[in-house]
2 protein chains.
Amino acid sequence: MERGILVHVQSQNRLLLGPGPSSVHPEVLKAMATPLVGHLDPYFLEVMADTQSMLRQVFQTENELTLAMSGTGSAGMETVFVNLLEPGDKVLICICGVFGERMKDIAVRSGANVLTVEAAWGQPIEPEDVQAALKSSSGVKAVAIVHAETSTGVWQPLEEISRIVHDYGALFIVDAVTSLGGIPVEVDRLGIDACYSGTQKCLGAPPGLAPVTLSPRALDVVRNRKTKVQSWYLDLNMIANYWGEDRFYHHTAPISMLFSLHEALRLLLEEGLHQAFKRHAQNGDYLQRELQAMGLQLFAAEGFRLPQLTSVIFPDKYDEGKLRKQLLEDYGIEVGGGLGALKGKAWRVGLLGHSSQHRNVTLLIQAMKQMMGI
Amino acid sequence: MERGILVHVQSQNRLLLGPGPSSVHPEVLKAMATPLVGHLDPYFLEVMADTQSMLRQVFQTENELTLAMSGTGSAGMETVFVNLLEPGDKVLICICGVFGERMKDIAVRSGANVLTVEAAWGQPIEPEDVQAALKSSSGVKAVAIVHAETSTGVWQPLEEISRIVHDYGALFIVDAVTSLGGIPVEVDRLGIDACYSGTQKCLGAPPGLAPVTLSPRALDVVRNRKTKVQSWYLDLNMIANYWGEDRFYHHTAPISMLFSLHEALRLLLEEGLHQAFKRHAQNGDYLQRELQAMGLQLFAAEGFRLPQLTSVIFPDKYDEGKLRKQLLEDYGIEVGGGLGALKGKAWRVGLLGHSSQHRNVTLLIQAMKQMMGI
């Protein structure tokens, strides 16, 4: 009888240095194994309230609507688009990688009228391009941009674009899936109206939840829709009533995932946001210097490189797929392959959350040198 | 600084006898704490394939498209409706409780033309009513029904209705959220075209995944849609390519949840489906006999009572809310309150998965007698 493997006995011992999930802290794993409680248990409601409070600190916001959606980061993306947009609404999407493309796909499925601003892969979006697009098309309801483009490793500056977006009276949507917890995501200071993330990157929890925060202005838009949100599962009007004071039952929350997010946030705030950003910056810098010292080229434009996600190009003489397989099999280290135009040509190395450690960089570089005969 | 609680240290010790989540086996909790691997790791792909194979056994189907969606049971419901229905499609929804109502809400949001057949709460849907509805309205694409209505405790017979649905050439959609693993869900024998469930009921895993299976005929419908599925996150055309041989990246799977589902399915098949059904039947019968011996009335019509979910009515002299709170605080036992018309009048007692044990019934009955002075 096909029965398979005893997962927890035979699981592999992987060091996760890809674009996510990242390896998580042992205490976070322990939290996953907490015996279950009911989703309306007074104890669990306390865990939820506490999680919301910690999420507000990490998002650097006072937003009342701050919660974790019951799906992965992409569900967070879809949540923001299907709640803010109604059929026919104009939305401007900034695209310079896979996740900008995904935003467009989701916005189109929401029935929105989608305009785009693009930049070459490896480059950030230019503020003047956003300004020009907004100038040439009136009535844009929202502008959406990826803060940390996981397909290229580009760190998108937000401040000037946010100013332009608000000058035109639009809502500012920011994808913080790979940025939250690794670099500053200053929701209130930057005037971000809707921001979403995932738990498996710099927050250091397993994949399965999508933190989301909405400004009071964005929440008003959701509360005053003319049409029902097309997704029942992601309808923030109902979900806010479960996370809010009313505690109305909507769906059964993924209890264990919330236990683990709670513990991951606790550890992050215990370290301190500032210190976590410094750690990500230092380890990213160490990795990028070492890769360049090996003669390899970084893909993201200089000055716009994320410390937590590095795209590195291999010269034609190396077979990146073979090296990546060898790294996994011989060293137990996972890195990511290139996406889109970078497929077969690049690695994406993540130093996300608990995976961002000096010794992990040292090990990876040494393993690469051994494999590449450098 | 608001920092909160160390979840895994202070968590409560609850016996979960509500409508879900259920208490899970210690080995399933251990599986949750398995160190993470990547979502494209060869080892993880093996875990996924193995999980699919075990899900097919539990659904009693050969369906190729059998997988776990990255959301809770309600996401499974939404998956089936948004993938099978296109705007304007006629769908007939059978309603005799909260979860039938939810199907209607989701189908309306999918742009479908929704017809309904209703039965009083506590009663099952009558086959002749389905037949009359299909006779009076041509071109119905699908008929949807809840197998185990969690709001009432009714066990819906499916065989005759399935025959009628297929006589009229419609697809047969069955909600097996509370039935799968507790009573037989014979997808192939009954000609069910689309079936979904949740992990936190009789499958005995934490909440967070939704097993879904589609017949080849239903899959054809999805593959040949004229319009894109309105949800990117739940689009089976793409998700099937990640779970299938191609292994195309779609979204980051909730790794840990899949580890736990794998272990829960392994334990269920080790016990044997037949034995698990027998255990649920015996413990449900024991509970229902004891409740009636205490002079309490069961809500679901005789002959249609689920063994795994029992609705019991309290006479006016008892304050069910106060008793339920006392049960939680003094005994650490969770049961569910009534929904809809049963609010404030009834309990819903779940004996789901690992929670379905003879000693749990003995304890609950004794606790009730103490509290009620019987």
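Residue numbers in this text run from 1 along the chain shown.
Just so it is clear, glycine is given a Cβ too, placed from its N, Cα and C backbone atoms.
When secondary structure is read from DSSP and collapsed to three states, A:ARG348 (substrate binding site) falls in the strand class. For A:ARG348, the entry in TrEMBL reads substrate binding site.
As annotated by TrEMBL, domain 'Aminotransferase class V' applies to A:37-338.
The N6-(pyridoxal phosphate)lysine annotation in TrEMBL covers A:LYS201. Within 10 Å of the Cβ of A:LYS201 (N6-(pyridoxal phosphate)lysine) there are 30 other Cβ atoms, across all protein chains.
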Could you measure between A:LYS201 (N6-(pyridoxal phosphate)lysine) and A:ARG348 (substrate binding site) for me? Cα positions, answer in whole angstrom.
13
Please list residues from the chain of A:ARG348 (substrate binding site) whose Cβ is under 8 angstroms from its Cβ, counting only those at least six apart in sequence.
A:GLY18, A:PRO19, A:THR150, A:SER151, A:GLY153, A:LEU309, A:THR310, A:SER311, A:VAL335, A:GLY336, A:GLY337, A:GLY338, A:LEU339, A:LEU342
Secondary structure at A:LYS201 (N6-(pyridoxal phosphate)lysine), reduced by DSSP to three states:
coil
